[in-house]
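These notes are about the structure you will find just below.
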Amino acid sequence: MVFSKDNVTGIILALLSSVFIGASFIIKKKGLRRAAVVSGVRAGVGGYSYLVEPLWWIGMITMIVGEIANFVAYAFAPAVLVTPLGALSIIVSAVLAQIILKEKLHPLGILGCVLCIAGSVVIVIHAPQERPISSVKEIWYMATQKAFLLYMGSVIVLVFILVFYFAPQCGHSNVLVFTGICSLMGSLSVMSVKALGTSLKLTVEGKNQLIYPETWCFMFVVAVCVVTQMNYLNKALDTFNTTVVSPIYYVMFTTLTIVASVIMFKDWDGQNVGSIISGICGFIVVLSGTILLHVTKDVERSSSFRGNYSPSSPTLSTRLCNSNGDSRKHEEEDESCSEESRF
């Protein structure tokens, strides 16, 4: 097992990203509680007092640092390695929630954490090496190959069908509609983020890529995909239970991202069948751990309403919508309602 320098850098950045993002959930949650106690108005019901709470801003800055680390990680390591490691932020969040917020972690939740760690180790061990790229034009060539153009065309057609046909009819009754749009667009956004990150990395190394129109094209695609992704993720979170949206979105988004990366960047070329199968198995283990964490979280929330209330720890999808300030209304209403008794 030999890791290239770029792969090691990508792994370290992805792990740091998970730590920062997972910690940001807890810091922002503490800030929201503190602000609600001072003002008497929760963020979930229209309060904005958290904007003058230093702890909330520390959490926001921590999250931004984590997102930057994740962005840079794509410039050094394959998406099939970086994307699944994002599940580790859930573990960081769950552990810190138990230590700092005194939220009890269900025994099956602990098993979910162990599965996420074990699956991540397997993915890292069997991860493909990052292909050396010397120009953004190489990435543009990969993006304009017939196989990826077919994938991209299929994604665009499916998104249009979901947005204009299924969303008006059953978008508010079927969770797969909004999460499907997010996941499909998310797979394209990650490919563009990796292309843009690689371009900026080469520019920093002295090979200016900003003079090429391809770099700006990738930047435009990132903006369009992220805005669309955020819009429909917020709709999904506003319509359905977070514990339903989060695992479905993570499974679909990560799976489609890996498929897109394998098609565009040929991540599995040169790998033996055993390594590919092991990587897929590791990914399935991570998915199982993630789903188990969310299922046990839902069980804890249900039982807490029958007895003493205990707010659930933040979820992976919060990371994608927390930049909107008050994010999920029902999650923050829940997490703030017991502040009087805690402080």
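Just so it is clear, glycine is given a Cβ too, placed from its N, Cα and C backbone atoms.
TrEMBL entries are annotated by machine, without manual review.
The annotation compositional bias 'Polar residues' is assigned in TrEMBL to 304-325.
Residues annotated as compositional bias 'Acidic residues' in TrEMBL: 332-343.
Taken from TrEMBL, the feature region 'Disordered' covers 303-343.
The transmembrane segment annotation in TrEMBL covers 6-27 (among others).
TrEMBL lists 48-65 (among others) with the feature transmembrane segment.
As annotated by TrEMBL, transmembrane segment applies to 71-96 (among others). Remote same-chain residues near the transmembrane segment (71-96) are listed as 6-7, 9-11, 13-15, 17-19, 21-23, 25-26, 105, 109, 113, 116-117, 119-120, 123-124, 127-130, 190-191, 193-194, 197-198, 200-201, 250, 254, 257-258, 260-262, 265, 267-268, 279, 282-283, 286, 289-290, 293, 313-316, 319 (criterion: CB distance under 8 Å, separation of at least six residues from the stretch ends).
The transmembrane segment feature in TrEMBL is assigned to 108-128 (among others).
According to TrEMBL, the feature transmembrane segment maps to 148-167 (among others). Long-range neighbours of the transmembrane segment (148-167) within the same chain, counting only residues 6 or more positions beyond its ends whose Cβ lies under 8 Å from a Cβ of the stretch, are 142, 174, 177-178, 180-181, 184-185, 187-188, 228, 259-260, 263-264.
For 174-191 (among others), the entry in TrEMBL reads transmembrane segment.
Panel annotation: around the transmembrane segment (211-232), residues 135-137, 139-140, 159, 178-179, 181-182, 185-186, 188-189, 192-193, 195-196, 199, 320-321, 324 of the same chain, lying at least six beyond its termini, place a Cβ under 8 Å from a Cβ of the stretch. Summarising the annotation, TrEMBL assigns transmembrane segment to 211-232 (among others).
Feature annotation from TrEMBL assigns transmembrane segment to 244-264 (among others).
A Cβ distance under 8 Å defines the sequence-distant neighbours of the transmembrane segment (276-296), meaning residues of its chain 6+ beyond its ends; these are 80, 84, 87, 90, 94, 106, 108-109, 111-123, 125-128, 243, 246-247, 250-251, 254, 258, 268, 315-316. The transmembrane segment annotation in TrEMBL covers 276-296 (among others).
Listed by sequence, the residues of this chain that lie at least six past the ends of the transmembrane segment (108-128) yet keep a Cβ under 8 A from its Cβ atoms are 1, 7, 11, 77-78, 80-81, 84-85, 87-88, 90-91, 94-95, 267-268, 270-271, 275-276, 278-279, 281-293, 295-297, 300.
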